[in-house]
Every structure is written in structure tokens, then in C-alpha cells.
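Asker: Supplied in C-alpha cells, the structure appears directly below.
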Amino acid sequence: MEYLKITKIEDVVLHKKGIPTIGTLHLTTHHLIFTSKSLTKEIWVPYPLILSVFKNQGSTLLTRYKDLDEMIQYQVPQSFTKIQLSSQKKLIQWYTNNDMWSLINIKIVLKDYTIFSIDFPIDDNIANDVYDSLYNLTLGVSLDQLYAFLYTPNEVELKLKDTSYRLYNLKQEMIRQGLDLDSTDCSWRLTTANQDYQISSTYPSQLIVPTIIPDSLITHCSKYRSKGRFPTLTYYYKRHGNTITRSAQPTPGITKQRSIQDEKLISTIFGLSIIKDQNLIVDARPLTNALAQVALGGGTELMDNYNFNDTTKRLFLGIDNIHIMSDTMNSFIDNFLIDSDIFTELSFRGKLNNKFQNWIKYNKLILTAVDKLSKAMIFNGSNILVHCSDGWDRTAQVISLIQVCIDPYFRTLEGFMVLVEKDWVTFGHKFRERSHHLGSPDCFHDNTTGLFNKKLSLNDNPFTKLRAKTLNVSSNMGGSLHDIDDDLTNQSKKPTFTRSKLAPRSNKFAAPIFQQFLDCVYQLQQQNSNLFEFNERFLRRLVYHVYSCQYGTFLFNSEKEAKEYQNTTRTRSVWDHFRSKKNLFINKDYNHVDFKNEGDNSVENIDWISPDLSNVKWWSQLYGRKPDEMKIDVDEQKTRSGISNIKDESRSNNKRSSSETGTSPGIIESTREFLSFFSLDSYKNYDNDTT
């Protein structure tokens, strides 16, 4: 491949989790590979997995030690055993022969939260060639040049009876849920109005709508919903005949436009269940965000037109957008994980006030909404229509988690695969954009000449950028990153490859939304471990394969785009990997419950779960850390709480601060409205309801 400037570099030192290892670096067309006699396994890194790359002056060890003597005194005895004595001597000799300040190190941050650095001798421009090759190999490819289009399945995957692309079938799944779409008595039907993706390019070709609603009305409805994403069925809860439907935001705009057809469709959907007066229109956004969309032609439902004789309420969940989530995760990488290459252990001590601690609060907010909505469906028989702005991020998170809570099938290995295919892949979650498969130049930072290759803007998309301290910038710079003189920037050396050959790509819309969903599933799984057929390893491996681009499942933004690339014939499904190695991902403590007794509708027979909101914690295994490293120091938390209490004394007891609740004022108002409508006292008597 023309982009490969160098393919093999011997005697380089890799630093990972505080352990330096001498070995050989290989660069292939699709993978970075590190091998060493000191390692039991080779390290393989697919290029799409790369989040950020930094080329820095000096050895990686200089971020921790002032010189070689200090490294030998503290690092070597901790890192090596007697068995590795020969490697230890070789390591010391390597650094003795190379001045630590004259070395070049390349630090690589991966999307699965692995972080490592490699020290290179300054001779022969090796580090520059590696950096340039990584740039080319990460950015110089198109979608159909990714590894998934070349991947050859292994022998175990080839033994599968059929491809996992056939795992999900809409009709079969509806039959399982209790709807026979081919029956003349069914209140729902399969519409092919979008079979050519003319109504909505981001919706699947097959959709389910009420039988009495003609396709002509569907077409009118689509014009009133963002991206043509009209309300359509995604889950049928057969006990009450109530449903989860999904859509994008309506478009009333400033002029408060309405759509009689949209109102008719939603009214019909709500009227098909046994209980018809407990309906919810759920807007996953904060109220302020929804109102801000009005000026852009969007907005939210005007409840004067959608209350349907006081049978329907509207609820705002207050879940923030993709930019807030990516900013939070960036803060986590920058302020906690970034030193994973050089330190064996990390700690949350002193980091209680960091922005990244909001990640747990956001997950808890999502799970709180899911808990209440799940109970509304089970106890009140509520119909739920969920949307956010476009209906492919927060909407997918909420409705998928509800189904995990109320339907035990989706807690099996096969069922979870079906759920992901149904509500994420076919319904147009933008995996290509959110996962940033094709990368962008902003992910690469050369700090070895002048100061910067270019002036860094850390305010674009935080998920793919890190702060100045991440770049190993020399401490004699003075000032902040944004105070750097433009003249110094202009003096930086131009790259040795031609960037103009590479198409510019935006990382503006990258965000860990699907990972956040899996994080919430992890919380449910840890709290109800014997009710999930799959284990934690399955979820963690799934995060890896979202970014690895080894399989075709998570490469595309929509079903339409996947078909254009002929994904089912040119790539393999990611589920092949998990099905062929099922024994690795099965939870040995799983208690299978036979849920086929449809005649018994007692509460005890319903295998639903509820999140323990007091036990939402960091998914330490995902980040390669020990649980103790990611625990909040109790004494520090008490001190922080004491300071907060003093500051809050002057505030009204009825207006709790965001620091106490972990939510914004908009979220608090939404939660109050929600709790007042679905308090435990308002639940109907279950037994009376079934008679």
C-alpha cells in the first residue's frame, strides 16, 4: 500500500499500564501489531480503533521520571520478576544507549480506552515514518476499504449453519411478541410504503402501523416529522396490548403548524390497547432544548392537539445531547485515563469535582426514566411514544432499555442481538458517524517540531480531542494552549505526506451513545446477574467491535446505506463472532425462566426487572481498571458534601441545587411532572385490572 512508509521496526519500547516492554512493531494495511518475547500474546490494533495519536519529544518515562537512574530505582524492580531478568537488563541497556530526552514517543489513545506509548530512537527518522504511516492508514481509506470488506471468517464462524444477518426477522419477532401480522384479525400491519426509502432514508424498508391507517396517511405524517421518521411500532406488550412506538420530533416551528394526519395516527395507535387513558408522549430531551428547536423549524407536540380527551400526557426526560455526552467522556479520558500508559494504578482521589463524574449521573438519569416508564407499561398499561430530535440516539437508548427491563427474551444472548438489530441497526442509529470510523486529521498531533503541526481547537468535538496536558507539552511553554503564539504555530514543520489527497472528515458528530446504552445494560446486569444469559465480557467485547470495523454490522448510518454497500454479501455479521464462541459469553449463573404461560397474568409470573438507582457505578472492566481505582473517596466526598451544604443554606428547600441532585433545573422540572403523573399511589390495582 502506498501509504505505508515503514512496515517493521525492531527494538522499540512499548509502555502500557506502567510496564515497559521491548519488542517489534509491525504496520500492516489494516492493523498495528506489537510482538515481544516478554508478552504471552501479540497486541493487535485495527486502525479505526484509534481515537488520538500524539508524537512527542522525549521518552514516555519523562512524564514520570526525571532521568534513567530514577527509572531504574523505582520502575524496574516493580515491573519485572527474576524470570524476566534478561529482558530487564536489555531494557536498561536500551535506555542507556539512548538519551531519554532525544527519543521520540508516540502516544496512542484507543476508542476502547486502551492507552499505550511507544519510544523510538531518534535515528533514521523512524518515528516520523511511523507517525505518517499511521496518519495515512487511519485516514486514507474509504468505507468499503475497511477491514470488514476483506475479513475472512475463521473456521469456527464458518461452521455456523447460516449467517447471523438472518438472525433478526421483523415478522418472526412480532409473532414472538404476540402479533401475527398475516392474520386478518390483527390490528397492526406491515407497510412497505418506505421500501425504496423514499419516505425516510434513515428508516427501515419494512415498518409496522395500525391496520386501519392507509399508506397515503403515512406519507402525510412523514412530512410533519423530522427526517420523515413518523410514529411506528417497535414493541408490543401483549398483556395489555399496549405498545412502544418511536419517531422523530414534530415540526410545528414558530408558526405552530399542526398535522391532522399525525394526530390521527397517534390517536389510533393509543386506541388499540386494552387500556386507553394512560398514554404518554415522551420527549427524551430537556424542555429547553426542545423549545430551542422551534426556531429551527422543529419543536415538540402541542398538547392541545395531542391530549386526546385528557388521555395523554407529555413528559420531558431531560437527557442531554450527544455533544454533552462526548464532552463528558473526553474529560474522563483526559483527567483520569490518560496516564494509563505509564502508571500501573490510577485513582479518583482529588477528582470528585471533575466533569467526567457526570457520566454516572447521566446514566442514572436514563435508568430513572426507564424504571418509571417500564412500570407505567406494566402496571398502568400505558402506551408510550418516544422521540428526541431525530429519534436515533436518546430514543434508541430509552426504548431498548425498557424492553430489556420488561421482556426476559431481550436478556438472552439471542434476544439481545435481535434487540440491537431491531432498534439500533435497522432504525438508523448513525454508527458510522457516532463511532467515527474514518477518522479525521484533528485526531493527530505532532508536537516534535516548533510546538504544533497546527493550532488545536479543543472545542470542536471533545470525544476526539484531549487537553494540552495530554500532549506532553514541555512545561516551559508558559500560558495555556489557547495562548500559543501564532508565529510559533506557523513555523511548525509541514507533514511529510500530502494531506490534500485525503478527503476532509468531520468528527463533529462522534459520540459514545451506543456505549452508554451498553453501560446502562451493564448496570442492570450487575444488579440482576442471574436474570441475564450473557456476561459482562459479552458487553465489553461488543464495545470493542463497534469500533474495530472487523464486521459489517456497525459500519453504516442506516439500513439504506448498508444495502448500498451490499453488506450482507460482502461482510460478516458481528453476531457470527459471538455465536461461534458462545461459551465465552454465557453467564454461568443464569436462571432460565419459562415465560410461555400466557394464561397466568399475576405479577409474580411477569419476569420484569428494575434498576437499583442507588447502585449505579463505573464500569471499571471496560476501562481496564480495578474497581477500587474508580471508587469515590468517602472522606473526600463528605468534605465536599459539607462545603456544598454550607453554600446551599441560603437556598430554598423547595429548589434543590443541581450539585445536590446531579441534574439541571430542566431535568428537575421534568422529573417532578413525571413523578406526579406516575407515583406509586397512582398505579391501578393489578388484579382488578386483569379481570
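Every residue gets a Cβ built from N, Cα and C, even glycine.
What TrEMBL records for 164-623 is domain 'Myotubularin phosphatase'. TrEMBL lists N321, I322, C388, S389, D390, G391, W392, D393, R394 with the feature substrate binding site. Among the features that TrEMBL reports, domain 'Tyrosine specific protein phosphatases' is placed at 364-401. Summarising the annotation, TrEMBL assigns active site, phosphocysteine intermediate to C388. Annotation source TrEMBL lists region 'Disordered' at 633-667.
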Asker: For the domain 'Tyrosine specific protein phosphatases' (364-401), give me same-chain residues lying six or more residues beyond its boundaries with a C-beta closer than 8 angstroms to one of its C-beta atoms, as numbers and ranges.
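Answerer: Distant Cβ neighbours of the domain 'Tyrosine specific protein phosphatases' (364-401) are 202, 226-227, 229, 231, 234-235, 237, 239-240, 242-249, 266, 269-270, 273-275, 278-285, 289, 293, 298, 317-319, 321-322, 419-420, 423-424, 427-430, 434, 511, 513, 516-517, 520-521, 523-524, 606, 608, 610-611, 613, 616, 662-663, 667, 671, 674-675, 678, 682-684, 686, 689.
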Asker: Would you mind splitting the domain 'Tyrosine specific protein phosphatases' (364-401) into helix, strand and coil residue counts from DSSP?
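Answerer: Its residues fall into 25 helix, 5 strand, 8 coil.
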Asker: So what's the average pLDDT for the domain 'Myotubularin phosphatase' (164-623)?
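Answerer: For the domain 'Myotubularin phosphatase' (164-623), the model's average pLDDT rounds to 87.
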Asker: Compute the centroid of the Cβ atoms of N321, I322, C388, S389, D390, G391, W392, D393, R394, then list the same-chain residues not in that set whose Cβ lies within 8 Å of it, in sequence order, for the substrate site.
Answerer: A284, R285, T395
Asker: Among all the protein chains here, how many other CB atoms are within 10 A of the CB of D390 (substrate binding site)?
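Answerer: Excluding its own Cβ, the number within 10 Å is 19.
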Asker: Rounded to a whole angstrom, what is the largest C-alpha distance between any two of the residues N321, I322, C388, S389, D390, G391, W392, D393, R394 that the record assigns to substrate?
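Answerer: The widest Cα-Cα gap among those binding residues is 12 Å.
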